[in-house]
Amino acid sequence: MAYRVLGRAGPAQPRRARRLLFAFTLSLSCTYLCYSLLCCCDDLGQSRLLGAPRCLRGPGAGGQKLLPKSRPCDPPGPTPSAPGAPSALAAAAAAASAPRLPAANHSGSARMGTKRLPQALIVGVKKGGTRAVLEFIRVHPDVRALGTEPHFFDRNYGRGLDWYRSLMPRTLESQITLEKTPSYFVTQEAPRRIFNMSRDTKLIVVVRNPVTRAISDYTQTLSKKPDIPTFEGLSFRNRTLGQVDVSWSAIRIGMYALHLESWLRYFPLAQIHFVSGERLITDPAGELGRVQDFLGIKRFITDKHFYFNKTKGFPCLRKTESSLLPRCLGKSKGRTHVQIDPEVIDQLREFYRPYNIKFYETVGQDFRWE
C-alpha cells in the first residue's frame, strides 16, 4: 500500500525539480552573458579578452572615474566608410589627449612685443640736440624709439590714438616706448593732448643757449631757402631801438620760460627732465646717465659708448656688436653757423636774459648762458 502511494507521488517531484533547475540555469546563463558583454567588449564591439589593455577614456566616456594606472586611449583608426578620414570618436579622443595651447596674442607675440603708446616723449626743443639724445638713448636695450618725428600732438592729432599707436615700434613689457617731436614744446595744445593720453607720460626737453639755438635754426633754414632775409633783418623789428621780433619762430622758441608755463598747468616739474645741449657735447655720458635715471632704467650707456668727432665737433657713438661702423649724426647736424655781427648777439643776449633767469628759477638749474 505504501509502494502505491510513493509511485503516484514520484512523477510530480522530478518535473518540479527539473523546472526549478531549468529556471536557475537560464537565469545564470543570462547573467553570465550580460556580464561578458559589459566587461569584455568596448563601445565598438571589440573584445578586451584578446589581450588589449584597459585604457583611460576621454571626456566622452560618460565622465566615469577611472583607475589612476590606466593609460590614455589610442585614437581609433579611420572608419571604413571614409578611408583615411578620422571618425568623430577618433577626433574626440585626439582632442581629449592633445595638450592645451595658450590663447593667441593678437597684438603681437611675446617674443616680438606689442605696439604701445609712448611712456616718454622728447618734446623739444628744435636745434637743441634732440636728435642726439634720441640716437644715444636708443642704444639702451630697455628703450625702443620711433626714428621719425610723427608730429601727432601738433599736426596729426585728428588721426586718433590708434593711428599714433600703429606708428610705434613693438616693445616688451620691460621696455619703454619713446618718440621725439621738438615742435611739441612750443605747441599750445600739446600739453593738454599729451595729458589726455596719459598723465604719467615722462617728458624730456633738450635746451640750449637761445641765441646759439636761433643762429643754428637760421643756418638750417638758409641751407634750404638761400633767398631769405639776413639773420639781423629777421631778428629785429627795429634794431636801432633794440626791438626784437618775437613773432619770428627762431626767436620765440628760445623764450623757454614762457612755453614752460603751458606744460606746468598739466604736468608736475618732477615729470619733466631738462637736458643741457651744451653738456651733451662736452659730457654726453653724464647727460645720458641723468636721462636714464629719469626714465627709471639701469645706467647702461656710459663713457665707453662715445668718442669725440673733431670734424663734426660733437660726440658720436662707437661701433657696437650690431654695428660695424661708428654712428654719427647725419650731414644736416654740425653745420658751420652763419657769422653774425657780435653787436646783434649782445642785443639778443640782453633780450633773453630775463627769460633765462626765470627759466633757471623755475626748473632749479643754472645753465650758464650769460
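Every residue gets a Cβ built from N, Cα and C, even glycine.
Automatic prediction, not curation, is the source of TrEMBL annotations.
Annotated in TrEMBL:
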type	residues	note
TRANSMEM	20-38	transmembrane segment
REGION	61-89	region 'Disordered'
COMPBIAS	73-83	compositional bias 'Pro residues'
DOMAIN	118-353	domain 'Sulfotransferase'
BINDING	Lys127, Gly128, Gly129, Thr130, Arg131, Arg208, Ser216, Lys333, Gly334, Arg335, Thr336, His337	3'-phosphoadenylyl sulfate binding site
ACT_SITE	Lys127	active site, for sulfotransferase activity
DISULFID	Cys316-Cys328	disulfide bond
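Sequence features, as recorded in TrEMBL, placed on the structure.
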{"residue": "Lys127", "record": "3'-phosphoadenylyl sulfate binding site", "CB count, 10 Å": "23"}
{"residue": "Gly129", "record": "3'-phosphoadenylyl sulfate binding site", "CB count, 10 Å": "28"}
{"residue": "Arg131", "record": "3'-phosphoadenylyl sulfate binding site", "CB count, 10 Å": "19"}
{"residue": "Ser216", "record": "3'-phosphoadenylyl sulfate binding site", "CB count, 10 Å": "23"}
{"residue": "Cys316", "record": "disulfide bond", "CB count, 10 Å": "20"}
{"residue": "Cys328", "record": "disulfide bond", "CB count, 10 Å": "18"}
{"residue": "Thr336", "record": "3'-phosphoadenylyl sulfate binding site", "CB count, 10 Å": "7"}
Whole-number Å value for how far Cys328 (disulfide bond) lies from Thr336 (3'-phosphoadenylyl sulfate binding site) (Cα to Cα):
16
Round to a whole number and give the Cα-to-Cα distance in Å for the pair Gly129 (3'-phosphoadenylyl sulfate binding site) and Cys316 (disulfide bond).
13
State the Cα to Cα distance, in Å, between Ser216 (3'-phosphoadenylyl sulfate binding site) and Cys316 (disulfide bond), rounded to an integer.
19
For Cys328 (disulfide bond) and Arg131 (3'-phosphoadenylyl sulfate binding site), determine the Cα separation and express it in whole Å.
11
Over the domain 'Sulfotransferase' (118-353), work out the mean pLDDT and round it to an integer.
93
